Amino acid sequence: MRSLAILTTLLAGHAFAYPKPAPQSVNRRDWPSINEFLSELAKVMPIGDTITAACDLISDGEDAAASLFGISETENDPCGDVTVLFARGTCDPGNVGVLVGPWFFDSLQTALGSRTLGVKGVPYPASVQDFLSGSVQNGINMANQIKSVLQSCPNTKLVLGGYSQGSMVVHNAASNLDAATMSKISAVVLFGDPYYGKPVANFDAAKTLVVCHDGDNICQGGDIILLPHLTYAEDADTAAAFVVPLVS
């Protein structure tokens, strides 16, 4: 495992002129432990900044971590026995980011055993402006993507996931789908939800898991990035355990 100290060095001064190796497909055992990963990121992430001020450093920090540890920030898999459609957070790179999505997918695949997992990232800008304006159009676009996946993969168990602004996008997508369509969704899992406390429209609350940490300003409707908003990787196993019975 490559040293996490390298990550801190690369992020020092917010400079990224180094040649970054292409991410490789690796097993999670080659990643840092979740606690090590989060501890090191906490040293370099813009804790206490607004999302507007923090955007570039969030993107660069996740890019560096992805390159160092072979964590894929982009997923466009074919459908599996179970398929996750995941919307990343504001300023997260790729189409699934690094902070939350990959850890959840890995935990879910482990929990599924021999069943196949397909992951598809939601291709939306994840911009600061979209976050501040409610990401409405992105929700409409995700709703269309959901319908497309259900049509092309009628036998898959579809799970919707989102982190930060991505949770907002999932809420907006559900609001643009009727109950009959949403009934085909097996589970919804949201991390760091800006709409915390608001139910997912047209969907069974018993099949919804919303994880919001104490002290997460984003979950309180704010725009300040505090440490509790960056640590949802530690909930990956819990989220996977929630999903598995719903896709069995």
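Note: Cβ is positioned from N, Cα and C throughout, glycine not excepted.
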The disulfide recorded in Swiss-Prot for CYS91 goes to which of CYS55, CYS153?
CYS55
Looking at the disulfide-bonded residues CYS153, CYS219, which sits with the largest number of other Cβ atoms within 10 Å of its Cβ?
CYS219
As a test of the contact definition, list every same-chain residue at least 6 positions from SER164 (active site, nucleophile) whose Cβ is closer than 8 Å to its Cβ.
ARG88, GLY89, THR90, ASP92, PHE131, PHE191, GLY192, ASP193, PRO194, ILE218, HIS229
At a 10 A cut-off on CB-CB distances, which of the disulfide-bonded residues CYS55, CYS79, CYS91 has the highest count?
CYS91
